[in-house]
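**Q** Sharing a structure with you now.
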Amino acid sequence: MGRTNLMLRIVLLISVLSSMMFGSSAQTCKGQTFNNNKVYATCRDLPHLSSYLHWSYVQSTGKLDIAFRHAGITSSSNWVAWAINKNNDLQSAMSGAQAIVATTTGGTTKAYTSPIASPNTQLKEGNISYATTGVSATYQGSEVTIYATVTLPKGTTSIVHLWQDGAMSGSTPQIHAQNSANLDSKEKLDLVSGSSQAGSSGGSLRRRRNVHGVLNALSWGILMPIGAIIARYVKVFPSADPAWFYLHVTCQTSAYIIGVAGWGTGLKLGSDTPGVTYHTHRTLGIILFCFGTLQLFALLLRPNKDHKYRPYWNIYHYLIGYGTIVISIVNIFKGFSALEKSAQDRYDNWKHAYIGIIAGLGGLALLLECFTWIVVLKRKKTEGKMSHNGANGANGYGVRPQNV
């Protein structure tokens, strides 16, 4: 009897825990009645952006009644959108999306349809590819709900749908955030069974962004300054000649090759996200590529030490070289700012690590600057004494007369 009671208690505990774990999800979606006193046949807790989709669908007629809910709204000036991709393309879901948009400004909520031709859109009002009626929206508490009836082609069983949110600038919707939640807010949905297939382009884009950042920080931001430190301070020591030169060339050439790879990934990121533009970061990146290429040509066209044009070449080499390092460091921090906008605090550790590396290189350069000046001044002092002694010898001091 005791064992039976124990088993009953365990089963009861499991059922209570199950209702606590899974009941909240069902409660936010199942059996909800909306302001229009309508109950939808099916609903789904969407995986991103605190959103829920409720729908009733008649496959024979293609009539799709939807209520899209987006919770967690904290701003009184915002937009929310739900869309169907007319091409049924999960990877490029935004291009060709037929959207229903709700904007809230000054306490007024407006709903309308908007066809999206490309990611670079401002969600202008217009007719979409599907016959749509009953478009409306409500904003209560921190939740926006969009209502609509969309007529799909008869016999349709699944759609690619996407959902987004963003801020308003006056009456114009601004581009949505570029973090993983926004980039992954799309899926292929079976309207009949309710099953779905998630999109994953956000993860791919994030990986490419990480590769772009690592390549450029390593090349322009670390190897280039190290190569400059070698050229400025190691060559002071005669025993390091010509090893310092080959180390300098190896370091800067490696930095250029890796930097060009990072620059190329940046161009590809720009082409893959046409709605996202970091003008200053892009411009500085192009300048860095040009300066790096000029330095490569400078290596190939370097005159001999005793050539009359060598002083002019030195000035050109120093100006372009140090200019490249300064611009690269500035642009790397511009890149960190872009990453912070797209992933919030995720990259803070990367930024702090790079600050530590640059501070370390700067401290090393300052220490070597002081040390090499001491070495050079002592060397000049020694050479001055030797020159003075040589001059005294020439005047007959300390030199024995020669017998002819």
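From the backbone N, Cα and C atoms, a Cβ is placed for every residue, glycine too.
According to TrEMBL, the signal peptide annotation covers 1-26. Among the features that TrEMBL reports, domain 'DOMON' is placed at 49-166. Marked as domain 'Cytochrome b561' by TrEMBL: 172-377. Among the features that TrEMBL reports, heme b binding site is placed at HIS212, HIS248, HIS281, HIS317. Among the features that TrEMBL reports, transmembrane segment is placed at 213-231, 243-263, 283-301, 313-333, 353-377. According to TrEMBL, the feature region 'Disordered' maps to 385-404.
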**Q** Quick one: DSSP breakdown of the domain 'DOMON' (49-166) into helix, strand and coil?
**A** 0 helix, 69 strand, 49 coil
**Q** Taking a Cβ cut-off under 8 Å, which residues six or more beyond the ends of the transmembrane segment (283-301) line up next to it in the same chain?
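**A** Residues 216, 220, 249, 252-253, 255-256, 259-260, 263, 266, 313, 316-317, 320-321, 323-324, 327-328, 330-331, 334.
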**Q** If you count, for each of the binding-site residues HIS212, HIS248, HIS281, HIS317, the other Cβ atoms lying within 10 Å of its Cβ, which residue has the minimum?
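**A** With the binding-site residues HIS212, HIS248, HIS281, HIS317, fewest surrounding Cβ atoms within 10 Å: HIS317.
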**Q** If you measure every Cα to Cα pair among HIS212, HIS248, HIS281, HIS317, the residues listed for heme b, what is the largest value in Å?
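**A** Farthest Cα pair among residues binding heme b: 27 Å.
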**Q** Please indicate, using numbers and ranges, the residues of the same chain that are 6 or more beyond the transmembrane segment (353-377) and have a C-beta under 8 Å from a C-beta there.
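**A** Long-range Cβ neighbours of the transmembrane segment (353-377): 217, 221-222, 225-226, 229, 232-233, 236-237, 329, 332, 336.
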